């Protein structure tokens, strides 16, 4: 299966665990693909996958990721040194806050690479460094992230299967079909016709400080991720011991709260620009390629966009090849475009600010669809 191939780096190792589960083979006269799946597209994508492997595009550049980690650690250290050398007045505080926020967001992009096993070819090294970056540098559970993010990649924008759209219907109504369905059922948890307005003061600034902050601890505790919890504790010991020696309790609380809010805003705008404006519906049981392409779009490449988004401006390529090192997305992009053109599939790529605006436009559109259906007699 394409999903299996996409997710696993060491397929020989995984097959050892799968072998005892095999109960038989398909009969020779049985179709190997379901009618809902595009057989020609699947065949061409598998050929593309073989080409990608031959080109070495799944091989990571260790220097690239070392420099990413180095610049994160330098920013993290600089944030503390600014307060240490220049004092804790307003200007040094703001500058330190910005450095800390940039460091944390860039660490979020790096942990994403590690979680997808794209930094090292050996899985255990990815897992080890993932714990260092996610648990120690950020203060969240690596296993918690893997649990949720793997579900997102398997069925992006599929309601009840993608945890990234669980905000429907309790906070927002998403997608044309789901919004109309909600309106017809006369369900209203929020004033959805105004959701494009209250989006600015809810999800972007509050996702990390509220939901993510508590949910990562809840999952780590209930699923007994004791190693992750121990790693996470080192983040808080390091943060409060270093900054606590310079700042009073109120200022320290302001620093951690503000940097979480800024980090959350940066993350939400980047992560949602590729998905919320796209098709959101129930699972249609499509093939791997179609499932990924209908739920993702790209943002134009530039040095700034690559850095600012952690190369998630290449969301299409990332979803088709989740274990591919991010520095190779641009190399495979022309091949993916050709595949889409051959099969008449739209390959969306837009400017960064347009992508941000499309989040608001899509929320406004789905809110209006809900409103019309809700008022319809």
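Each Cβ is built from the backbone N, Cα and C atoms, and glycine gets one as well.
Annotations in TrEMBL come from automatic prediction, not curation.
The feature domain 'Fatty acid desaturase' is assigned by TrEMBL to 90-349. Confidence across the domain 'Fatty acid desaturase' (90-349), taken as the mean pLDDT and rounded to a whole number, stands at 96.
Annotated transmembrane segment per TrEMBL: 198-217 (among others), in sequence order.
The transmembrane segment annotation in TrEMBL covers 229-252 (among others). Within its own chain, the transmembrane segment (229-252) is flanked in space by residues 80, 83-84, 88, 93, 131-132, 135-142, 216-217, 220-221, which lie at least six positions past its ends and keep a Cβ under 8 Å from the stretch.
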